[in-house]
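> This is the structure I want to talk about, given as structure tokens.
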Amino acid sequence: MQTFAEISAIREQVKTFKREGRKVAFVPTMGNLHEGHLTLVRKAREYADVVVVSIFVNPMQFDRADDLNNYPRTLEEDLSKLGGEGVEVVFTPTPEIIYPEGLDKQTFVDVPGLSTILEGASRPGHFRGVTTIVNKLFNIVQPDVACFGEKDFQQLAVIRKMVEDLAMDIEIIGVPTVREMDGLAMSSRNGLLTIDERQRAPVLARTMRWISSAMRGGRDDYASVIEDANDQLRAAGLQPDEIFIRDARTLQAITAETTQAVILMSAFLGKARLIDNQTVDMVVETKEEESSEANSASAE
């Protein structure tokens, strides 16, 4: 496994792979790798001959200095895990390499609409930071395929939109969320939890499943459902942050045409901000079914 910190070095190596006719898959990470990240690596291997992983804690996407400073950094352990997965190349740049003139003078990439709703509304600039670094890493690595976790549902939607709008010749693969045995979504931030907090953390996923069950049971009073869910989180000692129930395709409000909804949740627990999501298939009556029901009612 080769490790590069300089842009020119990794570019030359990727060019060599391409000259050899090898397909390149890319997995961008911020390090502190867990089984969820390794699942992305394994999925990337299914699509390409070579897997490149980046480890870079991107300061542009953090809206709080303490969150950036507290983000776990475990480079040696990360490299050991990636070596065990047979990764060919790891890119480990510093902020000075990625942003040589600082953040204030950095050209940025902004996806309008999707970047400013939901989580983007409460974290101004967050998705701009994500799309800027992902775009820059794509330009450096020049992958054929890139894998992202579905746990960051809105982020994946934003990246897909960026790739589509900018006509990037990169296939984006969404990989299902990997969970602990108790249902908690795997996350680098889980390491910030105390033993007691870790025991309470699965309540987020359980509450999400309760919302899903309520929706499948026919509840469409979403504001009331969200209020009940927040009460469940508070009762378990979590501080609710955001809960959204939206159309999974557009991330807009659910309409009669919505065929799949998504529950987007976040909550604070100690020093950690936990996030999760779940899609819910909606029952949509066809015109034939509606007509049949109307005829039955008339006959009665």
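Yeah, the Cβs are placed from backbone N, Cα and C, and that goes for glycine too.
Found this in Swiss-Prot, in case it helps:
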type	residues	note
BINDING	30-37, 149-152, Val178, 186-189	ATP binding site
ACT_SITE	His37	active site, proton donor
BINDING	Gln61, Gln155	(R)-pantoate binding site
BINDING	Gln61	beta-alanine binding site
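Please go over these features one by one and say how buried each is and what sits next to it.
In the three-state DSSP scheme, Ser188 (ATP binding site) falls into the helix class. There are 20 other Cβ atoms within 10 Å of the Cβ belonging to Ser188 (ATP binding site).
His37 (active site, proton donor) carries a helical DSSP state (H, G or I).
Under the three-state DSSP scheme, Gln61 ((R)-pantoate binding site) falls in the helix class. Taking the Cβ of Gln61 ((R)-pantoate binding site) as centre and 10 Å as the limit, one finds 21 other Cβ atoms among all the protein chains shown.
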> If you measure from the C-alpha of Val178 (ATP binding site), which of the recorded positions His37, Gln61, Gln155 fall inside 10 Å?
His37
> Fill in the CA-CA distance, Gln155 ((R)-pantoate binding site) to Ser188 (ATP binding site), as an integer in Å.
16
> Measuring Cα to Cα, how far is Ser188 (ATP binding site) from Gln61 ((R)-pantoate binding site) in Å?
16
> Where Met30 (ATP binding site) and His37 (active site, proton donor) are concerned, what is their Cα separation in Å, rounded?
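Rounded to a whole number, the Cα-Cα distance is 10 Å.
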